[in-house]
Structures are given as C-alpha cells and as structure tokens.
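K.L.:
Attaching a single structure in structure tokens format; questions to follow.
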Amino acid sequence: MMRRARQAAGAVVVLSLSACGSGGQARETTLNVYAASSLQVPFEEIAEEFEAAHSGVDVQLNFAGSSDLAAQIRAGAPAEVFASANKATMEQIAAEQLLASEPRPFATNVLTIAVAEGNPLGIESLASLAEPTVSVVLCAPQVPCGSAAGDVQELTGVSLTPVSEESSVTDVLGKVSSGQADAGLVYVTDAAAAAGSVDSVPFDAAAQAANVYPIAVTGTGGDLAADFVDLVTGVQGQRVLAAHGFGKPGR
C-alpha cells in the first residue's frame, strides 16, 4: 500500500517500514520518492500503478517544495527518486554529486492567478495584482513557483508586492482559499485540483515562463528507482500527467 509523507517544515522525514503481516510473510520493499508539491495528485496515481506492477513494493511519497526536498536530500534523507518543479534545483543536486542518473524532463507547468471562489474583486490580469487594494501572496524567490513568478514580472514589467512569500505552491493556495490573501500565483494544475475552493484567472505571459520538471534517481536509488522514473517518463506516466493538466516535457 502506498504511503504519503507530507511536508514537515523542512525537517528530514524519516521513513520506516515494518514487516508485512506476521508468521514468516515476506517483508515489503520500500521505494522512497521525493516530489514537488505540485505533483501530488498525479504521482499518487502513478505510484498506485507502479505498486500494481511490482508485487511487494511499497512506494513512499514525500511531497514538499523542491528546495525543501533538496535540503532534505543533502541532509541524508533516504530519497531514491527526486522529481523537482524546475531544472535549477535539480542541477544543484547534480552538481553536488547526489544523483545516480541523468535528470530527465517529464512535464511542464505554467502559472495562473488563484482568487477566491467567484472572483469577488473582479481580478482580470496580472496588472490587477499590483493594485494597492489587492493583497497578493507568492512563492519565495528561491523555490520554482517563486522563480517563475519573478520571470513573469520581468516579462510584463508588472511589479508585485506580496504580503507573504511561501515555501510551496500549496501554501500559496492555502492563503488564498482561507481568505488570508486576495490572490496568488500558483500552477494551473494546482488551481484545477483546488476547484471549488479557488477560481483561476489565466494570463498570457504565463506561457513564456513555463517550468520544466526533471526527475532522476538519487545516489541511494537502484533498479526500482530507475523503473519508477521509466514509468513517469513513459506512456502511462505521461497519460496521468496530461490528465491533470501538465504539459509535455521540455527537452
């Protein structure tokens, strides 16, 4: 059975596995997959497909901001697969010789404006977020969604002053859906998954600042990790990702 370990304030998540059943039954093999928060829904589906095809394998999923996951890997967390929401974070891990395979691009994602359900302020564009009466929340600049937010501001000449900067797109959505902010820049996939809690306002410049998602086997990974990467980048994985709004991988 797949298990999910969610973000824990940047702390290293220690994952353990007990024997499956008792009385001499085989012990399960665990595969630890660390993935960006925006990948939660499709990766849960992909992990289920992987377990169905690999008897006795338990996929443990740890979702957090890409920068937080990278910090956990540096600290010795037992990640075997790492899927980042941008190339830069993966390149840092590769430069530190913490990967066992070349990163492979597997998806793209773009930003959209998340607003309260019904869009009560009538926000129509990125420029609307610069109005002094609109409270905006963004991802921090050092995380992929924050880097993309910086790119769209540079492309459009619109300068935003956030009331807070968050470590993941999930946290940005939480601020908007809870009413702590009027709007936020999030990935289109996360806004779609949160339909019913927030509405989405697309803007043209988003496509020019698309994030490319890479995946790789880490230094602690082996054949199972490589098989998981193959599933994500193959036909089945791409079908699941496309169903949840992710674009085709950049090359």
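Backbone N, Cα and C define each Cβ position, glycine as well.
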K.L.:
Looking at TrEMBL, Ser38, Ser66, Tyr187 are annotated for molybdate. Which of Val81, Val163, Val169 sits in that same site?
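P.N.:
Candidate in the recorded molybdate site: Val169.
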K.L.:
Same-chain residues six or more away whose CB lies under 8 A from the CB of Val169 (molybdate binding site)?
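P.N.:
Correct list: Ser37, Ser38, Gly65, Cys139, Cys145, Val186, Tyr187, Asp190.
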K.L.:
If you run the three-state DSSP split on Val169 (molybdate binding site), which class comes out?
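P.N.:
Where Val169 (molybdate binding site) sits, the three-state DSSP reduction gives helix.
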K.L.:
Name, in the order they occur in the sequence, the residues of the same chain whose CB lies under 8 A from the CB of Ser66 (molybdate binding site) and which sit 6 or more residues away.
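P.N.:
Listed in sequence order: Ala36, Ser84, Ala85, Asn86, Thr89, Val143, Pro144.
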K.L.:
With an 8 Å cut-off on Cβ distance to the Ser38, Ser66, Val169, Tyr187 Cβ center, who else from the chain surrounds the molybdate site?
P.N.:
Ala36, Ser37, Leu39, Gly65, Ala85, Asn109, Cys139, Pro144, Cys145, Ser168, Thr170, Val186, Thr189, Asp190, Asn211
